[in-house]
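Contents: one structure, followed by commentary.
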Amino acid sequence: MSSALRNGHHGGANGGFAHPESKRFTDVPIAIDVPTQDEDEAVEIGLENLVDDPTDLCDLFENENAARTYWMTVSLAYAKQGKIENAIEMLIRGGNAMQNNNPKEKLSIVACLCWMYLWKSRLAPRVPPEGALASDAKTKEYYLQLATSTLNEASRINPAYPPLFLARGVLLLLRASLQLPTASGGGGAGPVAGEKLELLRAATKSFEDALRVSQGKNMLALMGKSRALYSLGKYAEALSGYQEVLGKAPELVDPDPRIGIGCCFWQLGFKEDAKTAWERSLEITPESKVANILLGLYYLDSSGQVAANSPEFLRLYKKGMTEYTQKAFKLDKNMPLTCATFAGYFLSRKAFTNVDSLAHKAIQSTDINAVASDGWYLLARKAHMEGDVERAADYYRRSDDARGGTDRGYLPAKFGAAQLSVAKSDLGEAKLRLEKMIQQSKSLEAMALLGTLYAEEVFANDRAAVKEDKAVEKKKAISLLESVRTAWKDPKKHLSPDSAVLLHLAWLFEADHPDRALQCLQQVEQLELDQIAESAEPAAEGVDEATHRESLRKFLPPQLLNNMGCFYFQSDKQELASSMFELALDACVKIQNKEDEETDADALVTTISYNLGRSYEARALVDKAVEAYEGLLKRHEGYTDALLRLAYVKLRKQPNDAGPDAVAKLYQENSSDLEVRALYGWYLGKAYAKKRPANINEDHELRHYKHTLQNYDKHDRYALVGMGNLYLASAREMRRETDQEKQKRSAAYSRAVEFFDKALQLDPKNAYAAQGIAIALVEDKKDYRSALPIFLSVRDTVRDAHVYVNLGHIHAELRQFSKAIENYEAALAKEGKNNDPTILSCLGRVWLQKAKMDKDLEAFKMCLECAQKALSVAPDQVHFKFNVAFAHIQLASTIYSLKESQRTLQQLQDAASGLEEAIKALDEIAAHPQTPYPKQDVEQRANMARNTQRRQLERAIASQKDYEEKNKEKLAAAVEQRQAELKRREEARQKALDQEKERQDKIRKDREEIAARDRVLAEKRAEEERARREAEMTTDSETGEKVKRKRKPAPRSDRAAGSGKSRSRKKKAQDEDDDDDSDGDNRSGDSDAEDRHQKKKRRLSRKDPPKNSKYKSSELVHSSDDEDDEYDALDAADAAIEQSNRRGGSAGSDDEGVRDDASDRMDVDEADDDEGGSRSQQQQSKRARRSAARVLDESEDEDEPAKADDDDEEEEAPAARRGHRRAVSDDEDDE
């Protein structure tokens, strides 16, 4: 029964106190009778409806010399009605009236007055009301000073008065709550430091003193100590204290320890446990305003963990505000935490009047710095939203200071101050604030804003006319925004991705990493689709989820779809690009139907239509592209970009009539448009490509570009690059025979570099200008190694065949022929370049160089193949015909130079045929009016081939015939021998592989067999272990439960024969141990045997054993955890009884009495706890006195055989073993 009671109450909080009530003021009666001095009469005073002015009551008590209890009772009645001022007046007058009495009479009044001041401090404003003088305002600090002076007066009367310890602790707690946190957390314990830390430590000591004098019964003192520990940040210790209060006083509800338990759980991160504690508190006290507001905050916090547009958010938010927070507000409209919570709600509704009143009320009424900080923060947000920057900055500062400021403080307030700096365009201060926040807390919001500021700085620089180096800022922006993006992936943080962060990242990645930019946009698309899917109708029957989500794309923002289409366009995924542009147009139609005033739908349609036409062009769908451009021009006739593309399409389709006319007309109508001027300059370059004047200053294209730079825009990058290219081409054609000509040529290259450099200054990422500088380095300075990295960088930006051609030239000059061939082939793989004769000619030249270096006939053949292919594409080009002839001549010369064993007759004959073709081609070239080389040189090469090489090949063919005839049999034998050797090697290799496979298969099978055997052994051992445990268990006849089998005493009839059977049992047990060892199941046999040998040696070493006629335990206590020690003690008792019987057994009658007392007792299992083990051993010892023989149960008892045989042989053994018996207490022995 005692275990079911707690503090003398049955059932605890869940039993008799399922709905306990507050005991505060329960001892205040309804009325009191105040005796008069005549003592025959008494004045009855009703305490339920006291007058507002207690002066008359005070005069009555003073005139009648009323006792202390009357003063205090009336004062408490006023306090019960909430009239604290009247209660204080009563106590002050009562204390004055007790001046002449015993000081101890006054002590309780003074102590009560101290509590009233503390209560008043809780209700007083924290700061003076606006407009009131600080000296006249009765703030919390004012009442705490009165409470301090009153407490000091009480301490002077009796410093050991127990209630004063509790009062001092509460006073120190309230004073600590008014201390602002220090700027840094150093020098203190946990989250507090400085004076606040000292006050909390002193409060903790006062509560401990109160507990000490009450012998741990003062539950309010224990709660006060827990509250102090909570303020110190020691939440686990505070939780333990609150739980102790609840365990000792479950009926305590005012104050309620369950509130403290929930707060501790919340701080420790166990929010569900906190909710359970607060719900229990609310169940016990439904009108608890604290439990209501805390549960409201729990549901508001939970709503912040889900998407704001989800039904779950609405459910949680509504429950938190209407079911709990609103009820708490109705219970107490002045509760600071409730006021701050409701102020936040009204702030979201932009009801600024309510926000102002509630926030000020929270600030003035609270004694918790965090709540005051929330109040100032709400006022700051209100001022921020109203545009009052100065007041918002002041409120943000106060909110931050209320939580410590500087290195600690309130992060939302710091973030708000940074936002104000951004609003004031003071980006330097904003970045400093945000960087400091990130150093302190790694705030994701701060990282996102700071990354956005750096990104905007980069974007502004990109839009500027003169570019600056913003690589550092760009790197910081990417690092910060990527860190935010990475944090979203942590499932423990429950963070939702922010589209703004992804869009800024996409913008930052656009130039250098377009693939990563596209990934960011795809993630934004997924976020938008998820939101649309939640509100859209479910997929129709028969439509799969993928198709349904694809149909929802038309609801996406057209800007997003357009940007994704542009990235697909840049990555040569033209079909996807067209699809995105088409979806974007559909989305624009939906915007137009909604009549969204904030979005310029017409501008979007115009831009997207143009992009769609460009994607059609890239896909060679020229007709659809023209249709898109013409449709665009119907909407906007003067859309120059569309007109420009149409003119370009006509120029490509009809380069001789309609095309030039369209370009000329466009130029006349839009001569000031830089894009049109660029197209016209490109057209002039194509039109006069074959008629370049000797003087570059007379070039039409150059004059056009110069006119653009002089009269329209001196920073036009296309014109600058175009002029650079013209100077490059002019320098390339200049003669360089004399030093003066070389100098003039170098000056032309320098002039070209000047234009390229100017373009790079305006646009550091202009790949065409960089490529021009690299070409100048190669052609003028022969600086191939400096030019190579430039070309490699350009290759990553410009997807054009010419880039690969230039790389091929560089690698060829560096004699890296394999890389050169790779780049030329990559250039040929580009669209429209697969049969480009110029690239084929370059590729053939590299194959020729590689063939000469490696003496490789196959390379010569590749060279010849490329030259022939180039000639087939452009048969009118004389220099391509010369290349074919030259390749034939080089191939014939190379084959002729080879040894007879390295060539064949067929190769020589083919070379001779090719040589004849080369001679014929050279004769035709020499007769052509425009020879690629001087006519004399061509004729000399033809004559050399005709006169010299032809004869050489004829002699080589005859010699090769004789060689092959003579060595025909040798060659056949050599070929046969080589084939046999190759076959032998292949067979040896295959045999080795087969052997290795067989070895691996054998190893695998062996391992499988070992694993199977191990599994069988493991299962066998587990089965044997289960069987052993089942053998040890039996069914209890009383409870029916499985219990361990117990030892049974031997029957009396068998006792006489017990000593004679001991040796056989021992022998049998040893045999069984041997069998167990052979099976591998006995893991302790060797150690047990070793222990028995050691114990026998100890028995023989005792010469004079102490005599004990009662055979009780020795005075020494030995450890007997092992079962062997228990069996030794029993055997020692058996031997001692036998020895005593041989000597006459003077203690026989005593033993018989013990035997009778213990005969009906039941053994307990030796595996119980220490007390059970002692009793079991005692009962076994008593049984041992009755008889030397014992009956053991099952194999467990047989594992330890009786050792009486050895004891019979050695009479000294019982006394020696007696020292190893377990000591039992006197109480157990008396049983």
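Note that Cβ sites are derived from N, Cα and C of the backbone, with glycine treated the same way.
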Could you tell me which of the ranges 1-21, 589-609, 736-756 is annotated in TrEMBL as region 'Disordered'?
-> 1-21
Could you pull out which residues elsewhere in the chain have a CB under 8 Å from any CB of the repeat 'TPR' (801-834), counting only those six or more residues past its ends?
-> 771, 774-775, 778, 782, 784-785, 787-788, 791-792, 794-795, 840, 842-843, 845-847, 849-850, 853
Could you pull the average pLDDT for the repeat 'TPR' (801-834)?
-> 88
For the region 'Disordered' (928-951), DSSP counts of helix, strand and coil?
-> 17 helix, 0 strand, 7 coil
Per DSSP, what is the residue count of the compositional bias 'Basic and acidic residues' (982-1032) in each of helix, strand and coil?
-> 51 helix, 0 strand, 0 coil
